[in-house]
Amino acid sequence: MLVPTALAARLLSLFQQQLGSLWSGLAMLFCWLRIALGWPDPGKGQPRVRGEPKETQETHEDPGSAQPTTPVSVNYHFTRQCNYKCGFCFHTAKTSFVLPLEEAKRGLLLLKQAGMEKINFSGGEPFLQDRGEYLGKLVRFCKEELALPSVSIVSNGSLIRERWFKDYGDYLDILAISCDSFDEQVNVLIGRGQGKKNHVENLQKLRKWCRDYKVAFKINSVINRFNVDEDMNEHIKALSPVRWKVFQCLLIEGENSGEDALREAERFLISNEEFEAFLQRHKDVSCLVPESNQKMKDSYLILDEYMRFLNCTGGRKDPSRSILDVGVEEAIKFSGFDEKMFLKRGGKYVWSKADLKLDW
């Protein structure tokens, strides 16, 4: 008896789904065995990440790195999508791609095997994908299965709900919330306005949740033309973050500067002298961690949505091949990472909430 065409197609689809799940499970098991038994990384034997642009598959020249760089601290921008429109954003919504969850986990395993101790999830807005569930599953995986000392997130905070803390707060060490001003009109000018929602009020609510669910609280501020004269001393002291990261507004060609950019950040720029004046005004804030353009540009290991390292040394974000294709050791050669500057800017610090000994 012949099987009807529709039924045959359905059976084939179910078989393909089961086969795909089996392959993902075997890939995960193989990565775990490599970590446990110390097997060498097959590197180029890995399949190409689905959805990665074809142009990134071209062969790069080997820069001849004498000693492999250890990816101790990695910033994974798994999405470029965002619900805010900050005028100076330097990681804009140029694609809508997000890796399948199991592929992202496979890449995180490779990073762990290569020596990663801290992962920071960013975007875009990381809580946009699947209402924060995608992010939560990665956070739990990194803390529970990879046993990373530090798992952190950078978010604008607008989409975070208390339920997320209840489900995933135990696995998160640090939550960094972007706040560039305590004047709501300035936030609107910058692009952080969201209708009737008040960014500053939301910040205070998130601070309480972090305390309630024992997550270290951090604030990130980008100092620009619209907030450079603001006095934030009392607000920051009242919120009492473990760190207040203060960045100087930075231009990145192709992101917030140049013909193919989605933002025009030139009007937000400030001089080095203006940035120093802001720092002097806030020198008595003990948690202040300043980062000028010089310190910031080459001192971060950045992975994009395809798990490619982004090299910012030329003022652009030039991608390596994906670690899912060639492995971490090969891809990181093209990251442009300045390890000395990473250490000089204080990139290595007490980043596990177990070691922070906070008074919750």
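Backbone N, Cα and C define each Cβ position, glycine as well.
Feature annotations, courtesy of Swiss-Prot:
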BINDING   C82, C86, C89  [4Fe-4S] cluster binding site
CROSSLNK  K205  ubiquitin cross-link
DOMAIN    68-288  domain 'Radical SAM core'
MOD_RES   K196  N6-acetyllysine
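Features per Swiss-Prot, on structure.
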residue : record                        : DSSP class
C82     : [4Fe-4S] cluster binding site : coil
C89     : [4Fe-4S] cluster binding site : coil
K205    : ubiquitin cross-link          : helix
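Rounded to a whole value, the Cα-Cα separation of C89 ([4Fe-4S] cluster binding site) and the residue listed as 'ubiquitin cross-link' is 24 Å. A 10 Å cutoff on Cβ-Cβ distances gives C89 ([4Fe-4S] cluster binding site) a total of 23 other Cβ atoms nearby, all chains included. C86 ([4Fe-4S] cluster binding site) sits 22 Å from the residue listed as 'ubiquitin cross-link', taking the Cα positions as reference.
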